[in-house]
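Chemist: My structure is below; once you've seen it, I'll send some questions.
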């Protein structure tokens, strides 16, 4: 991973130039990073660049496979990166998954943290209280995409830079969306369960199995992920629709033969399958409430790999149980990790997974490299890539987000 960064000109291969290149940020810096445990692929961990000891419960998968960079055991490759670039005296490193409760490693370390690195899969929610506590915080990095776990309004007021590795997960998530659409429409989950349970009832499965071809499919947002979903669906000979604040170029609309809708309500009324691919911020929180879901076609499907909080949890359960919606799939919950009694786990006709769509081994390699790039730029006082910045110099600079707080209600799982 380091070699790929060197090739991009981010680091020098000359050991004599390494220390001076990090001279613009003086003193030893504490960085808090949140990742998942290597023994549970859908958990987060914390890397706090604080000291050389590693707090880890030890995960078998993380120990066996060093390419699982997003877990505590492998820590985004940061320990090796720090050592190879002689940064031990510049960065203090701690790795932990302990983020809940007043006595957690996270809470104890926040006051000294200059940087917090977190992931969408086991998020360290930086609400107003935590940001107030983190007096030295200058930079919040999302190892992946989606910075809704940060109170952006509070970050603006404090002058904290918020950055994410934009584009690192777009292919991974787009493929997951198509997979889950097929799982729902082809009634795959009940069929798979029959095999596991030693059953063989073709009629029971065929009763709700359909083709994807000729279905009307719409995406709420056609950004990096939504556009790739549309591109991957085109060969299925479906009718494509999209809503976005920013309309696609006419040439793209023509190539995909996709219909534009000026509002979400128009799209959901016309589509057999709706996929949500927009970020979570105050304007999209509970966008799919009881009213919006009621506008969807009876017997339609909903797929959400964006953020769980975009959907009203109980309104969705009611729509499934009343048969207004034929099925629901996604990999995002709120808060995360989901409680054992979360109603989406047990509601009928779902194809839910833990939040892993954006943390494939390929995606992890991309966002681990991006985190190092952001850290390296920060240490050198160099500007970040524009596409990585969410909050910069006291204002929201990304078109995908609005200033506000989407962290409320997370307290059960910080």
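Think of each number as a place in line: the chain as shown, counted from 1.
Using the three backbone atoms N, Cα and C, a Cβ is placed for every residue, glycine included.
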Chemist: Say TrEMBL lists 224, 225, 244, 279, 280, 281, 282, 283, 331, 355, 356, 357, 358 as binding NAD(+): which of 305, 407 is in the same site, per that record?
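Modeler: Candidate listed by TrEMBL for the same site: 305.
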Chemist: Report the mean pLDDT of the predicted model across the domain 'D-isomer specific 2-hydroxyacid dehydrogenase NAD-binding' (178-356), rounded to a whole number.
Modeler: 97
Chemist: Here are some binding-site residues: 169, 357. Which one has the most Cβ atoms within 10 Å of its Cβ?
Modeler: 169
Chemist: At the Cα level, what's the spacing in Å between residue 355 (NAD(+) binding site) and residue 307 (site 'Important for catalytic activity'), rounded?
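Modeler: With the alpha carbons as reference points, the distance is 10 Å.
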Chemist: Give me the Cα-Cα distance between residue 357 (NAD(+) binding site) and residue 169 (substrate binding site), rounded to a whole Å.
Modeler: 8
Chemist: Kindly assign residue 224 (NAD(+) binding site) to one of the three DSSP-derived states: helix, strand or coil.
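Modeler: The residue in question, residue 224 (NAD(+) binding site), is helix (DSSP, three-state).
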Chemist: Near residue 282 (NAD(+) binding site) in space, meaning Cα within 10 angstroms, which of the recorded positions do we find among 145, 169, 307?
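Modeler: Taking 145, 169, 307 one by one, none has a Cα falling within 10 Å of residue 282 (NAD(+) binding site).
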Chemist: I'd like the Cβ neighbour count for residue 282 (NAD(+) binding site), meaning other Cβ atoms within 10 Å of its Cβ, all protein chains included.
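Modeler: Cβ-Cβ neighbours of residue 282 (NAD(+) binding site) within 10 Å number 15.
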